Structures are given as structure tokens and as C-alpha cells.
Amino acid sequence: MLLYCEIVVNEANFVRKCIGAESCQDDLWGKLVCTNFKVSFISHNSLPRQCTHRLLGEHDIPLACVEQVVTVNDVKGKQKILGSNQKLKFNPTELILYCKDFRIIRFRFDEAGPESAKKVCLAIAHYSHPADPQLLFGFEYVGKRYHGSAGEQVNGVDPGGGMQTPLFDCSSDWDREIKRTGASEWRVCTINQGYFISPSLPEFFVVPVSLADQDLKQYACFFYSQRIPLWCWNHSSGSALVRMSNISDPQQQRKVEQRISSAITKSHPLRSDVFKSDLDKTLPNIQDIQAALLKLRQICVIDPFEESEEKWLSSLEMINDLLYSVWVCTENEDRDLSCVISCLVQLMCDPHCRSLHGFQGLIQKEWVMAGHRFLDRCNHLKKNDKEESPVFLLFLDCAWQLWNQYPAAFEFTDVYLTVLGDSMWVPIFSTFLFNCPRQRAENSRDFASSKSIHLGQDQALRFPPVWDWSQQFSLKDQTLFNNPLYVGKIATCVQNGTVKTFTHRRSKKNYSSTLRGLPSAFRNGSIGPNDTLARRNSLVLRLRSDLSQVREQQETPSERFIRDFFSRPVDLQGLLLPQLLPSHLSVWKLYFLRWVPEAQIPQGGPITTFHKLSVLTDEIEMLQNQLKQYKGAGGTPNNLHVEPSKMYFKSSSTPHQPPAPPEYLSSSFPFSPVGNLCRPGILGTPLSKFLNGAKIWLSTETLANETF
């Protein structure tokens, strides 16, 4: 099915999509189609449907997701990596697509016409390498779909309807965030309207009250890309998190830093000193992050699958992610790792950011509006490989590590995080398409002018944000985002036949004094040989045996804080610190291993736990609603209104017969369809050596007999 403005560029019939690694008996036959949006395989073979995407079919690959196009001729023993506007001197017998989401997909042309096979391969290579941002399908789609006629809907959905996530593209969103965090000594600044001061900053941002607009204009020229300090967030203690680029003029550095630091200090109730962290010196650069991803991809999809997790962990880059009193993150241009650090700090400290809309607003504020180079880092145009780096994926992985350690503290699931990572390769949404708000505005105006599109009051194409998930998934499929374990600020339960509400009690406001220095255990995200770190409810043996000696040593305030934190019960609505010992870290299997057959567990894996919890949660909520309505109706439970379930797996009408999970349920549900498990030459991996947490990986039948 084609989207609005989507056209077929080329196609080939009688193509075989390889499914099995050794034999072709499970392969699919059909038509391979290249459009201006995706590579599509149309087959008459019926396969089980999992989560249905409204923009992409079961066998569709967005062109932006294609990393490499490789053609092969078996007879001549030749292969070639195709780029844009290249020639192909041999007739391909096989096409291999290496995708950015770690898929490897193979097509065979044994029965297809040689000329049609060659043309479709060249078309895929050409259209997956656009030369200009305006050649991305999103421009054509948005230009016609959003601005074709007044009040037109997109895929049957009102473009602006039902959106609760703040976009931070107006001063009112920033005002609300200031009030939410209690940042009374900060204000919304408008000096960058029309991008007059800095081309990569948003038009509205937050600065200290004590800094006048005239001072900001004067200091802007001393910072790289004129990126003056930006307020990110305020803690309830009054401490603030600020990010900024480095100062480009060494002669003015001390003067400007003192003036900025003084203004930030005045914003703190106790006038705390500023703690400055230079991310360029303490964290890996974008090339290091890209190299780590390539190593991980090699382990996943190129080399034989490893038997243990040790090599996985060596490929992951850990980061420094603690907040003290008034913390300023500095980076040369403040557009990459500053985004990661500022988001992780807020994710650990602010429970609002662990809700669905809070998390989305966090990304919108710290990544999209702050000018992360999505176009370059995702390499949508495939022009400059040196600029490509999975910085946003690194953040999602870090967020998943925290989610994995404190699952009940997050409103969303790892399914949601995986979907969010995949959305980078669907270049229809503005969220992951541009390097900064100004680039979006300028390209929108230029495209609209060239296509004679009337923009009205917007003065720019109105790209949909990715946060309107109804454009990609049905309401039923969106329920996979809901975490049945989530403990929110307000929880309800039934006690002695009465519905009671329990609200988390906040401690009285305490203004923190300055804490200087990072514990050695968290420098560069690694544990030193002499470092100890207490685990919750079970201290590390080294710490337990020598506790008296540790207490006698001179502890810094930060080291004492961390030790005390991990020795007390967790507060899911308070501060969450990640545990960084190797035994606490694991691989985000649902994202990185979903296309690896050896890591698949049919009818098993964590999804079995999710299934059981979803059914139980849905049944409890249904009973609570019935009890509320029963009491409200004066004891007559007739004509009770049944609210839609928040869980993907609903409870059945008969409690003694819970619904069975779908036949195609697996540990990678809902991401790895049956038709995409294609990896040639694999011997297999002993699951006992690869998987940890044995109980959650049991089969559905065995798990059904377990007691939760």
C-alpha cells in the first residue's frame, strides 16, 4: 500500500526473499519494489501479523534505514557496494541490504529478469542516497498532506489532535517548565527570535534572571556557534543544570566565565558555587561512539554470534551521569554529549521525566530544540561518514540500562524505547530529521516556495512530531508502551472493600550546599581496582567485610552520599542512580538482538512475564472500575461502562481461563516478524551460555506454573 505522494520508482517480479539460512523451503516469493520512500517486498504468502505499522508493511524498509546496498553475481563471483548514480556492469543474482537497525535482508533473482533486477538494485541505491534534505520523502509527504487543503487529516488523524507533549517551540512551554521545576530565578529569553543571535539555538530558551539581554548579546560572540549557556532543569533543592559550548576566545574566557558563573550562582537559594564539567575531556568523542557501534554491529550481524556477554560489554561506552548542586556541562559546540548528560541527569532525578509525556518532552527540549545534529549524526544524506555517530541511540541505551535496573519507576516499556529508536529512520517526522530548528524553518520555506505551497500563518511546513504515535500505530498497539509494573505518583488499590489512593510523600525542601569532586568509582563511567560500591539490600562483599575501615577513611560528601544511597531501600519517585558494576549491566537484547534467530525464544523470554503482568494488571483495573461504578450506582452494577484497556494483552471475561498469548509470541515480540530472520552460515549458540536471568527466559508453559 502506497502513502500519499509515494510513487513506485522501479520493481522486479519473481524475487525470492531469503528466510532460512540453509535451505530455501521457507523463503518467500513475490515482487521487490522501490518507491521514493521505502523498499517493499510484496508477497502472497501469509505470515502472522504482530504490531501493525501504519506507514510501513511487514516487509518494508524505509530508504533512510538502508545503510549499504550490496549486489552479488554468483556465476562471476563478483560483488559491488552500490552508491548513488553508480553503474552496475554485471547482472545481479542476489541483493543484500544492510540496515541501520541491524537487519540484514537478502533477495535472490534466480527467476527474475536480469534487466529488471539490475534496475531495481540501482534504484534502491540511488534513492537511499538523496543529495539534498528536500529530496527526503518527508518534504513531499508533508507538503501535500499537511498543506493540500484546509483542515486535511494525515492518515486519518488530525495533525495536532491529542498531542500532550510540549514541543518547546514557544515561550509558554518554557514558562510551564520553569513553574513545574520551581526555577523562580530563571526567565524565558527571546533575543534569538528569527535566529538573530545563534543559528543553532531555539528562538526561546531560559537564562538567569540576573543576566540582561544586552549582556547575552555581548557575550554570545565569545562562544562557539554563539551558543550561550542554556538552562536545562531545576532540582527541588534549588540546584540548576546548565549546558553551554566552550568559549572560543581565550583572552575573554576568564572574564566571561566569571560573569556567567556569577549569574548562575545567584539563581541558587544558598548562592552555591558552580560545578563545571568539561565533557570534551571526560567523555568519548563522536568517532569513538561510532566505532563502538560498528563493533557491536559486527558482533550482532557479521561475525558468528558470540557465546557470552563479556564482549558485548566491552563494546559499550559508559558515561558519567551524576548531578551535584549547580552543574554546568560544557562541550565544544554543546550539541552531542551535552544532550546525553543533561537528559540522564533529569531522568535520574526527576520522576516526571520517567513518565511517557515527560520523557518525550525531555527529548524535545534537550535534543530537538537544543540543536542536536540529527541530519548529520543519522547520516540521512549519506554525504559525510565522519559526522555519523549514534549519539541518540547511546542515550536510549543508557536510558534502557536505568529502566532495566528500576523498571517500576518508568511509565513506559522497553518496547517504547525500541520503537523510538526505529523512528529515526522514518523521515516523515521533524523530530529526527534536522540539525536545528532554523534548518527546519529554512528548508521548509525553500521547499514551499519551489512547490508554490501556501504556508499561511505558520510560515513553514508543519512537519508532524513523532510524539503523535497514532500516525504510526493503532491505539491497541500503543498499549504496548504501557508498563504494568509502573508505580506512579498516585496509586490506587482496594483495601477492605474500599478504593484508596496513596500519594507519594515528598520530603521537606532542603537546599543543598556545594559538593565538590566526583568519586573515583564514577570517573569515565568505570570502576577502579580500589573502588567499592554498595548494592541495595546486599552490600558488596569487599565493603561488607571492611565496612569499619571504610568509615574510618576520609570520605568526600559525594562518596558518602553514594554509599548511603545504595544501602537504603529505593524510592521509585525520587533519585535513581545506575549501578555500574559489570554484573549490573546487560545488553539491550530487544533492540540489538531482535533480528538474530539464535537469540529468539519462541513462546518465551521476558515477553511471557509482560504478558502475565498485563493480564493481571488489566484484570485488577477492571475490577477496580467495576467497584467504583457499583458504589456510585448505589449498589446496582447494571449498565456499567467498560473503559478501554491500557494493556495490550487484555484479561478475559472468565478469570479462570486467562487468554493464551499469540502463537507467534517470542522473546523479541513485537519486532522480529517471521519473514525477517535471515542470517546465513550460523552454527547456533548455546542459550545457557548467552542468556542470564533464567526464570524470565522460561517457556510460557513452564512460566504459567510459576507463582508471581
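Cβ atoms here come from the backbone N, Cα and C positions, even for glycine.
Look at TrEMBL and you will find Cys343 tagged as active site, phosphocysteine intermediate. With a 10 A radius on its CB, Cys343 (active site, phosphocysteine intermediate) counts 25 other CB atoms from all the protein chains.
Residues annotated as substrate binding site in TrEMBL: Asn285, Ile286. For Ile286 (substrate binding site), the count of additional Cβ atoms within 10 Å of its Cβ stands at 19 [all protein chains shown].
Among the features that TrEMBL reports, domain 'Myotubularin phosphatase' is placed at 168-592. A mean pLDDT of 80 is what the model gives for the domain 'Myotubularin phosphatase' (168-592).
Rounded to a whole value, the Cα-Cα separation of Cys343 (active site, phosphocysteine intermediate) and Asn285 (substrate binding site) is 18 Å. Packing around Asn285 (substrate binding site) is summarised by its Cβ count: 14 other Cβ atoms lie within 10 angstroms of its Cβ, all protein chains included.
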